[in-house]
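> Right, I'll just put the structure down here and ask away after.
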Amino acid sequence: MELPMTTSLQTTSFEEFITVIAAALGCGLLIGLERERSKLKHEYKTFAGFRSFAISALLGAICFLFGTEIGIVGALIIGAISIVSLKNQPNDPGVTTELAFIMTYFIGALCIWNISLAAGLAVIMTIILLAKQSMHGIASQWITESELRDGIFLLALLLIALPLVPNKPFWGPVLNPHVILKLLTLILFVQALAHIAKRLLSSKNALLLSSLASGFVSSTAAIASLGLEVRSGRANATTNAGAALMSCVSTLIQTLIIVIGISFAWFKLIVFPTLIALVVLAVWAFILLRKAEPSTSSPELDSRMFSLKEAIIIAGTLTLIQAGVYGLSISLGDAGLIAGTLLASLFEIHAAIAAVIVQGEPDSTHMTPLLIAFLGGFAVHAIAKSINSAISGGLPYALAFVPAQLIHMAIFITLLWLNIHWF
């Protein structure tokens, strides 16, 4: 129920009045119940409990029904009661109960105009009050100093720097500062998510998670590193091949993230084929990893959420290759675009596809040079990774890795081709 903003006691029907009072009472009782249980659990005395919060919510609804002036007077009274309580309880330095008491008054008043919003706020505030121990534990024990600094930096980048950077390319469709910073932010955000997931899950999944995280930095480097472990006899070929495939899962996830950050039209075109190929690759990787030995290494006590240096290198590489492919397309036309994309895909697929995407929107009705370059880039990259696995890890490692790599990429390219021609 939503009443007009000019609602008063004279214009409110009895049914509406009962509804408002019942909603306010429910909100107050919910918050008061949590405060009462907290008071009993911690064995300390506060000025407000179960009944006080219910009365505060009722008072807010009734005062504002009498008019805005009466509502303001009621708010001043509630505030004065809270201030007096602070002075009379020197052993309780916190102000949470007092602030919740004042907030309950306004939640009760909000029931006059929007009961759903008031009820939602009451539930949110109750959850915040209930999560005291968990929130304190996260702040004081779980989050490290490095993670806190990295998190603040990422938020500053996202909320302050990104809106201020000009969104205008300096050369054709490339060298756009806003797009470059958005890519950097996305890379940092993905690395941070992988770091958090690695900390939350059990140690026996360390190989899977470390491969997933390293894939966001460089899947090619992860494949080579895992292969060298196999060649030196320090790891099982099948297990490390599964981990290498998991790093390729990161490649597909990061592809979607980068594409949606540049062009939603391209994202709509590739999202279904990418997800299907991702599922195939993830299942295959999981099958190879199912016999992996649990990790016995202890996590770093103060590890970083992301590597800013690596993220800058990746974003810079993306930008330079985009500019290079665009320059080739200007000088050599479509042939230059395709050749530049294929060459770039040997080293970094994300840079190659980003260079293609910024050239323009896809034509979903027939194959164009942009789509040919896009598909060709993925095909060349899959072959390059297969060769990389054979050189770094030897034949057993390659035999476990290459089939899944080529099959999932064939599925991706086939589905994308069908998506262009049939759908």
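The backbone N, Cα and C atoms fix where each Cβ goes, and this holds for glycine too.
Curation plays no part in TrEMBL annotations; they are all automatic predictions.
The annotation transmembrane segment is assigned in TrEMBL to 12-33, 53-86, 106-130, 151-167, 179-197, 241-264, 270-289, 310-329, 335-358, 370-391, 397-418. Annotation comment: TrEMBL describes 22-136 as domain 'MgtC/SapB/SrpB/YhiD N-terminal'. Positions annotated as domain 'DUF4010' by TrEMBL: 186-387.
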> If you average per-residue pLDDT over the domain 'MgtC/SapB/SrpB/YhiD N-terminal' (22-136), what number do you get?
84
> Taking residues 6+ outside the transmembrane segment (12-33), which of them lie with a CB under 8 Å of any CB in it?
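Distant Cβ neighbours of the transmembrane segment (12-33) are 1, 3, 48-58, 60-62, 65, 100, 104, 107-109, 111-112, 115, 118-119, 121-123, 125-126, 129.
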> Could you check whether the transmembrane segment (241-264) and the transmembrane segment (270-289) come into contact, where contact means at least 3 Cβ pairs under 8 Å with the two residues of each pair 6 or more apart in sequence?
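Yes, the transmembrane segment (241-264) and the transmembrane segment (270-289) are in contact.
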> Let me spell it out: take the transmembrane segment (106-130), skip the flanking residues so only those 6+ beyond its ends count, and list any with a Cβ under 8 Å from a Cβ in it.
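Tertiary neighbours of the transmembrane segment (106-130) are 1-3, 5, 7, 19-20, 23-24, 26-28, 30-31, 34-35, 38, 56-61, 63-65, 71, 75, 96, 100.
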